[in-house]
C-alpha cells in the first residue's frame, strides 16, 4: 500500500494497528517512511522515524536508505551525508544503495571531489559499486571534460563485472559530443571518431541504443556538418521501427536549416503531423522560423509565427527574439516594435543577442535611442 503511493491510508492503518495493540515491525515503518520520502514529505518521514526509535523499534539500512534518497532527491545532500554518518555511528552498515544515492547527488551538484571520496570509502568498506554508482561518476567526469578518466571508469566497471548499459554509453557519447578539445578529436572540434566508435561498440555487444542515445549522436553529427550521416542514421531508425519523438525531428530540422537546406527542413516540418504522427512543439516552430529567417523568407516566417498560435502552440522568449532579430536585420522597424510589445505583454524580454543587434544599430545611427528604452 505504501508502495502504491497511498501514504495517508498506510498511516491510518499503522494507527489502527497501534490502537489494537499490534506492535508494528521495522519493515512496516520502513515502507511508510519510504513512501513519505518519495512524496517529498521529509519532515513527516523524520517524525515517524523518531517515533519508531522512541518505541524501541530500531531502524535498519532500508529505513536509512529511504531517508538518504529522500534528502538527496530534495537537494539536501548534506543532510543525506549526515544520515550516513549517523547510521555508521549506530553500527548499521550502509550498502551500495546508500552510497550510490549520495554519490549521484554530489555529482549533480558539481561536487565530484566529494563524490569520489564517497566512492573510495565504499570500496574501503568492501561495498561493490553497481551500474548506478559507475554511471554517476562517469557522468560527473564527462561534465568536467575529464573524458580519459571517464573511459577508464567504464573499463574499471567492466573489469569488476558490471556491464555498461545503454545509459553508460549514452553518457559517454554525450560527453564526447559536447567536449571542445581539438587535440582528442571530439565532436565539437569536427571529429566524431570517438563518439562513433562508442556507438558502434555498444551495438556490437548488443547494448541497444535508446532514442536518447541516437539523439545525442545525431546532434553531434549535425553540429559538425555531417548531415548526410545523420540522415542515414535517421533512416536506419525508421527501418528498425523505432518510435521517433519530436526531439529527434527537431535535431534533424535544425541540422537542415544550419546546412542551408531550409526547403528540405520545411518539407520535413510539414510532413510531421501528416505522415509521421508527431506533433511539432514550440522548439520545432522556433527552429523552422529561424531557418526561414536565415533564408531571408521573413514573410513566411511571420506567417508561421501566427500559425503556431492558431495551432495552440504558444511562442516562447526564443521564438520572439529569433523573429525580432530577423526583422531588425531586415530593417523592418515597425514590425520589430509590434513584436517587442507583444513579447513584453507575454512576460518575455529581449535576450543578449537581440540587445547586441540593437546596440550595433544604435551606434550606426540606424535606430533611435528610444528603441532601447522600449526594450527595458
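Backbone N, Cα and C atoms are what each Cβ position is placed from, and that goes for glycine too.
Just so you know, TrEMBL annotations are computer predictions that nobody has curated.
Annotation source TrEMBL lists repeat 'PPR' at 25-59 (among others).
Residues 26-27, 29-30, 33-34, 36-38, 40, 42, 45-46, 49, 52, 101-102, 104-106, 109, 111, 122, 125, 127 of the same chain lie 6+ residues outside the repeat 'PPR' (60-94) yet bring a C-beta within less than 8 angstroms of a C-beta in it. Sequence annotations record features per position, and here TrEMBL assigns repeat 'PPR' to 60-94 (among others).
Note: the repeat 'PPR' (95-129) comprises 26 helix, 0 strand, 9 coil (DSSP; helix = H, G, I, strand = E, B). For 95-129 (among others), the entry in TrEMBL reads repeat 'PPR'.
Under the heading repeat 'PPR', TrEMBL lists 130-164 (among others). If one looks beyond the repeat 'PPR' (130-164) by at least 6 residues along the same chain, the residues whose Cβ comes under 8 Å of a Cβ in the stretch are 96, 99-100, 103-104, 107, 110, 112, 115-116, 119, 122, 171-172, 174-176, 178-181, 184, 186, 202, 207.
Residues of the same chain lying 6 or more positions beyond the ends of the repeat 'PPR' (210-244) and with a Cβ under 8 Å from any Cβ of it are 166, 169-170, 173-174, 176-177, 187-188, 190-192, 195-196, 199, 202, 251-252, 254-256, 258-259, 261, 276, 278. The repeat 'PPR' annotation in TrEMBL covers 210-244 (among others).
The annotation repeat 'PPR' is assigned in TrEMBL to 245-280 (among others). Same-chain residues lying 6 or more positions outside the repeat 'PPR' (245-280) and placing a CB less than 8 Å from one of its CB atoms are 211, 214-215, 218-219, 221-223, 225, 227, 230-231, 234, 237, 287-288, 290-292, 294-295, 297, 311, 313.
Summarised by DSSP class, the composition of the repeat 'PPR' (281-315) is 27 helix, 0 strand, 8 coil. For 281-315 (among others), the entry in TrEMBL reads repeat 'PPR'.
According to TrEMBL, the repeat 'PPR' annotation covers 316-350 (among others). Under 8 Å from some Cβ of the repeat 'PPR' (316-350) lie the Cβ atoms of residues 282, 285-286, 289-290, 293, 296, 298, 301-302, 305, 308, 357-358, 361, 366-367, 371, 374-375, all in the same chain and six or more residues away from its ends.
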